[in-house]
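The structure under discussion appears below in the form of structure tokens.
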Amino acid sequence: MPTHTLIIGYGSPIRGDDAIGLIAVERLVERGLAADVTALARHVLTAELVTELECCQRVIFLDAAAIGEPGAIAVRRIAPDVTAHSTLAHVLDPAELLAWCQRLFGHAPEAYLITVTGACFDYAHCQLSPIATAALEHLIAQVGNWLLSESASILANSDSTDCGDNQ
Amino acid sequence: MSRTITIEPVTRIEGHARITLQLDADGQLEDARFHLTQFRGFEKFCEGRPYREMPALTARTCGICPVSHIIASNKACDHLLAVDIPPTADRLRRIMNLAQLVQSHALSFFHLSSPDLLLGWDSDPATRNIFGVMRQNPELARDGIRLRQIGQTMIETLGGKKIHPTWVVPGGVAEPLSAEKRESMLKLLPEGLEIAKRTYAFYKTLVPKFKDEAAHFGTQPTLFLSLVTPQGNLEHYDGVLRVKDAQGRILEDQVPPEEYERLIGEAVEDFSYMKFPYYKPQGYPQGIYRVGPLARLNNVQACGTPYADVALAEFHMLQDSGPIVSSFHYHYARLVEILYGLEMIERLLKDPAILETRVRARARSNRYEGIGVSEAPRGTLMHHYRIDDDGLITWLNLVIATGHNNLAMNQAIREVAQTYVDGNHLQEGMLNRVEAVIRCYDPCLSCASHAFGQMPLVIELRDAAGSVVNRLTR
């Protein structure tokens, strides 16, 4: 059975580089997604997304990070975590969302969190800094490659935490 | 030696707050206060902006309540334009407002309050959370997710997106409803109504277990304020203001929302960034009133939809006579309103006029002052703007639903602390009840104080000199 992959890009569209997950999803959709891939853009992760997670075998969260070298891309495998309670009721952490899925449906998809460290989070409507813009292209290329691969190769690539193009 | 217990921040609410309990030398309660500790200041930084930006700007107050702010803000803008919006636009806005009510009430009941209701006030705090609910009653948790999803989907269908939709505009809505969208929304309603009925029936079986909490969670008499229809029935979008007292006497009725300042004054205290609205004729701080689902149901004769009216009759049986005074029954009232919201949405969608294409009145500003009032899930929401000749905001005031309840919440935590907290033998369950009474009001502190940040829970015991003598961290 083909792996159904769900991509969720999330962030605020009006806080500069925080929009990178949203924009990445937009670009991926423009370039065309395979039939077994679904992409969603969300302001925040909410509980209702658990019904989307239930239906997929693999989920890739795309988010901005505030910590690290601006432009750095980090990939990490994440697992359900019931201790990752969000302190805000309407916003969930990816690991918490996976835990919701695990608890409610008895299973959770294989999951990855890919982040790009932003350079600027000032007010800007879906406008990325030059550093984040450069990283965006690497992010899309990497996600595109990963979509063609199985999870093992994602993990093989995931140890690299910098796309090396953050000038 | 007197001591202070600090509960900071209060958990499972929207936003960030602190509760302090001042104990005397015998460990008995001297005073209790509910603090909002951070400030954002929308009323200041919106000055100088074009009034047409207000719906989008004020919607950013909160990720939970944007629809409520969009509705009230656009109503204030309609008032500035001096237009009556087309009837179909009125109905479409009502649907969105009710969809917001359904999803917000679902979040409050299923996600925030159900851990206490299902697992008990004294259960292990490590598992007294949504995961504990999922373990004990996964169907209830799934129902909560689905009901919220239904409300959010309707908002997205109408507005193009779930959060911060821009479809409601001054003068009406940006585009009419298509037949396809109407059908897609109608298809959601039977399932939503089944969940609402199932949950309501389940909750009725739980209520008798909470006699003690119902007897002590915010039972001091207050007034009740809400919009009602001109006939005195349930209303969330328009209508007139009504104030009723704890004995059921109507003190104010048929008050146009534009005259809210005649009824409501706003005080400030140095211990909180939330304002303290009060009923002007009784003065401050005596003029305590409550808003929100409890107040709305107390103020009306009928909901106007079949299942909700049956539930309303049962709600009134929670007490022998008069308005329901216990704030614990906000939970019950929320479930009645979910029933009402889904039934009313169905009625509005099935009206053929909902597909009419005249949905926006166009005008420039024709007044210097505009007031918009609607019922948000948590209570009456008021947006009040003044503009100059160029349409720029010169002054604005937001009276937030949660703010109306500020005096009542402070009164309620004093009552609960007096009942449950023994400073000499402090137990987590005691403090959880103090938090839980605040959860009854489902406060949205992001709206009320415009606060943001993280909120780990810290409980501190302080002696009279202010030194920390004990500290618990969650």
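Cβ atoms here come from the backbone N, Cα and C positions, even for glycine.
In TrEMBL, annotation is done automatically, which means it is predicted and not curated.
As annotated by TrEMBL, Mg(2+) binding site applies to B:GLU43, B:CYS62, B:LEU398, B:HIS450. On its own chain, B:GLU43 (Mg(2+) binding site) has B:LEU396, B:ASN397, B:LEU398 as residues at least 6 apart in sequence with a Cβ closer than 8 Å to its own Cβ.
Under the three-state DSSP scheme, B:CYS444 (Ni(2+) binding site) falls in the strand class. Taken from TrEMBL, the feature Ni(2+) binding site covers B:CYS65, B:CYS444.
Counting every protein chain shown, the Cβ of B:CYS65 (Ni(2+) binding site) has 26 other Cβ atoms within 10 Å. Residues or ranges marked as Fe cation binding site by TrEMBL: B:CYS65, B:CYS447.
Taking CA atoms as the reference points, B:CYS62 (Mg(2+) binding site) and B:CYS444 (Ni(2+) binding site) are 8 Å apart. Under DSSP, B:LEU398 (Mg(2+) binding site) is assigned to a strand (E or B) in the three-state scheme.
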